[in-house]
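Q: Checked Swiss-Prot, it gives:
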type: BINDING; residues: Leu8, Ser9, Gly10, Lys20, Asp65, Asp96; note: GTP binding site
type: BINDING; residues: Asp96; note: Mg(2+) binding site
Amino acid sequence: MKEIHVILSGGLSRRFGEPKAFARWKGKPLYQWCKQALGDDVLILSRPGLTERFIELGEKAVLEDIEPYRGKGPLAGMYTAMERAEGECYIFSACDTPLVRQETISALKRQLTPADDAVVPVADGRAQPLVAVYHRRVKSVLHEQLQQNELKISSFLDRIRVKYIEADAVGAEPWEFINVNKKSDLEEIEPFFPG
């Protein structure tokens, strides 16, 4: 099964005050921690104004959301990845989850069966749909949702066959799924840094 690894980094980062993807933590931009978990061969979903910065940092595969869905949130990024990069299995990580480990990503991929449209981890009782694995067949549902301007990821998940799996069932720690929304969050995740 051909896998496409995708970092979602097209958000506006309003609460953070600057593009989160490039915020430096432990010597490198946040998105590079996600890349470390996904592997070097990643597709980065960006937005106008940020694409050039990724290219300047040496990234080769950087896309912006397809018009007319630009600025429509993570569903647009997921759809764009599936529309522009041919694969069967898409592994997504939001750029603001720097603690996710490579072992966790590998374990989530192994959970996807032919009966599943997606594998979504659950940490501390909350689904984590932006650090998850999706089969290509969900692309049509993404398209329908975008066409109807129904941008809630929970609505999308309700329409597909999701295998929800507790983080500890795949050897993951709940803290791996903490996302950075404010600059102060960088200090709060410090105790969980494995290095």
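Just so you know, glycine gets a Cβ as well, placed from its N, Cα and C.
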Q: Rounded to whole angstrom, what's the largest C-alpha distance between any two of Leu8, Ser9, Gly10, Lys20, Asp65, Asp96, listed as binding GTP?
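A: Result: 18 Å between the two most distant Cα atoms.
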Q: Can you tell me whether DSSP puts Leu8 (GTP binding site) in helix, strand or coil?
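A: In three-state terms, Leu8 (GTP binding site) counts as strand.
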Q: Taking every protein chain in this structure into account, which of the binding-site residues Asp65, Asp96 has the most other Cβ atoms within 10 Å of its Cβ?
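A: The most densely surrounded of these binding-site residues is Asp65.
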